[in-house]
């Protein structure tokens, strides 16, 4: 949620930025009308409350003098009814303003390039050189099936499309990748490992911005009797970031760096017909997520650090990748600046997204009321939150299988993974 003071004091400027940079049309007339109503009702309730307090004192004085206070009590009751009605109207207006505010995307940072879609993203760097093969390249589906380690038919039988079963050495490599990532982030990058629920409530989803706008992208549970409804997490960013919801953090404890390995569940609404073959776009996939809670003055610096942590995974696996700064038209709803890392996928002869690292500024913190303050200081201020994939495990498996394949269909195990696989150096044939 963007700063409400910006909407009150710089509405026209904010609306223009949202139109140009986000292709988002803010209904300024409606918002202005609601703001006028809010101000009027605020004054009305404050005046009624002040008058009611004054009348209450007058009743006390009249009673002490032995006067008949029945007429005064009747006036108080009437004033109380007026106050209750005015407060209800004010609450309704505030709720409507809040619903509009929840639908507004974050404002991009000034350095984010203007653009309509991913064709206008800005490439920052490339690392590594794509391998030249002297044999016909197989895709990860063929490699995995030939190794008897990927079974999409079983996934479809058990559940449906966009699900897979992994077995044997492929399943072991998938697990090894996640363990390697967690160890790297906790032992070298300073993150605290967390284990979090895979089901979250709606307040949690509002906190990080999935609701109310992206409800169709989630898998929702039916509420049991006496229970609130839940949704499966689309990313560990949701529960991990919400650990600081409604918390006032001592500034001395910042930055807070947390990581988690979880399955992620996405409906992939709007992705019909895209990446229907293989592990690239699944309803269920594993990801190691990194989250940072930082001082507002240090969030851009933290974004560079966090992105570097994701890059380190790719570098240690010796997987060629490129780093891309997303343009305004390709950014996520809550982000003010995002880098994507795209790994080389030989069978597709292109780079594919494997990590997205974002500075959310105070957008999520305002929704969550996640604040910090210096020791001895009474005033609090919102923290900044960042998140990034470090990495998507299934897509990393895709990249390893295809980049490390051999002519006989076997796959060489990257050196950094061998300790996690009992010293195994080749899988497959």
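Keep in mind that glycine also has a Cβ here, set from the backbone N, Cα and C atoms.
Listed by Swiss-Prot as binding L-serine are 235, 236, 237, 389; the candidate from 187, 289, 342 that the record includes in that site is 289. Within 10 Å of the Cβ of residue 389 (L-serine binding site) there are 27 other Cβ atoms, across all protein chains. Geometry remark: residue 355 (ATP binding site) versus residue 389 (L-serine binding site), CA distance 5 Å. Within the set of binding-site residues 235, 236, 237, the entry lying nearest in space to residue 268 (ATP binding site) is 235 (CA atoms). Neighbour counts of Cβ atoms within 10 Å were taken for the binding-site residues 237, 353; the minimum is at 353. For the pair formed by residue 356 (ATP binding site) and residue 289 (L-serine binding site), distance between Cα atoms is given as 10 Å, rounded to the nearest Å. Those residues of the chain, other than 235, 236, 237, 289, 389, with a C-beta within 8 angstroms of the mean position of the L-serine site C-beta atoms are 238, 240, 260, 262, 264, 287, 288, 290, 291, 387, 388. Comparing residue 353 (ATP binding site) with residue 389 (L-serine binding site), their Cα atoms are 10 Å apart once rounded.
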